[in-house]
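Enquirer: Marked as active site by TrEMBL: B:S71, B:K114. Look at TrEMBL and you will find B:48-124, B:133-177 tagged as domain 'Peptidase S26'.
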Amino acid sequence: MQGAQRGTRSWVSRITPWAESGAKPLSHPGCHESCFCQWWQSLHRTMLRGVLGKTFRLVGYTIQYGCIAHCAFEYVGGVVMCSGPSMEPTIQNSDIVFAENLSRHFYGIQRGDIVIAKSPSDPKSNICKRVIGLEGDKILTSSPSDFFKSHNYVPTGHVWLEGDNLQNSTDSRYYGPIPYGLIRGRIFFKIWPLSDFGFLRDSPNGHRFSDD
Amino acid sequence: MIFSGSLATALKIECIVEQTYGQWWQSLHRTMLRGVLGKTFRLVGYTIQYGCIAHCAFEYVGGVVMCSGPSMEPTIQNSDIVFAENLSRHFYGIQRGDIVIAKSPSDPKSNICKRVIGLEGDKILTSSPSDFFKSHNYVPTGHVWLEGDNLQNSTDSRYYGPIPYGLIRGRIFFKIWPLSDFGFLRDSPNGHRFSDD
């Protein structure tokens, strides 16, 4: 055994020192064919360890950058594609917008903001509506054709959402105010189509905000 | 000749001064500033990297949580330390009887820790046991009905109604501290609440 250099050698060569020196292996139980042993060692040393090592490194880098990308999307913002007619004419079907997630974490969502939230009736999907009222606001809940107007107060920790396309939108008029904890981000900029590039317009239903 | 000699000397001195100054600036730049700045950037880079990985681990796998409040006694006492896993929430595997952590519907900055009594579509008995006429409610789609184990001292769905599934953050399944109560958590002491016929 080359005891003087044991520390610098890998465990493979420590177990089978005769392979490194190129000498013929001594007969020992479990290794009847010297060619097979040498082939196995070369396979192990060059291919398997290289492939396994590369695979682990690839998986490690993927997890690392996946986590960083996920945190960037969740804490800073990202690009979102909206679908559905409930926010027309502000956001059309298949528009691509830019959403930021900082306002949610700093509790800076205000009336008139367009927000993305988890749907209260389906946790797997997201909804995209405008914030009409914050907690404590008085919301007109009766339809304009009613004779007696009815108001509701938004409870603490909730927001009242409505789509800009009031005739074709399932929003808080249907499922009530939603908890603030469901809000995921705020949409503030449209990227596509280029004909509508820029910051998003105010609500076309401006009269909804003045509840006296 | 003398003029050119002194000029040459002046130029030489100037060159030497510039060289010395240049060398000093370069050595400063190379050793101190770049070292300090480089180290700072590397430190910030590593902090962001491992912070993101830790955050994703807590959010997608699980973590240690300290509970406070009396609403889950005797299952979870005040200041107990429990282990919560977040995989069930992402795979929509929360079931009746699970103890969950959720964002509070009345205060988005705080979390609540209650037991799931009913899932969407279940019929919940909402009248108190002393009422003569019993009233039932159905849990709407996408919502869950939460109640604390300590029914006399718990603000839960009997007060603020069913909460959307999207507020659930994780499931508590194991208690770490105190060591006298180490292990998986017990079933609800209010077992009769689950059988709504």
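Keep in mind that glycine also has a Cβ here, set from the backbone N, Cα and C atoms.
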Enquirer: So if I exclude everything within five residues of the ends of the domain 'Peptidase S26' (B:133-177), which remaining residues of that chain have a CB under 8 angstroms from its CBs? That is, six or more out.
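Expert: Distal contacts: 62, 64-65, 67, 70-76, 80-86, 88-89, 92, 94, 98-103, 105-106, 111-127, 183-185, 188-190, 193, 196.
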Enquirer: Cα-Cα separation of B:K114 (active site) and B:S71 (active site), in Å?
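Expert: A Cα-Cα distance of 8 Å.
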Enquirer: With every protein chain in view, what's the tally of Cβ atoms within 10 Å of the Cβ of B:K114 (active site), excluding that atom itself?
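Expert: Other Cβ atoms found within 10 Å: 23.
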Enquirer: Over all shown protein chains, what is the count of other CB atoms within 10 A of the CB belonging to B:S71 (active site)?
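Expert: There are 22 of them.
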Enquirer: Summarise the model's confidence over the domain 'Peptidase S26' (B:48-124) as a mean pLDDT value.
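Expert: Taking every residue of the domain 'Peptidase S26' (B:48-124) together, the mean pLDDT is 88.
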Enquirer: Which three-state DSSP class does B:S71 (active site) fall into?
Expert: coil
Enquirer: Could you break down the residues of the domain 'Peptidase S26' (B:133-177) into DSSP helix, strand and coil, giving a count for each?
Expert: 10 helix, 20 strand, 15 coil
Enquirer: How does the domain 'Peptidase S26' (B:48-124) divide up by DSSP, counting helix, then strand, then coil residues?
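Expert: Summed by class, the stretch gives 17 helix, 27 strand, 33 coil.
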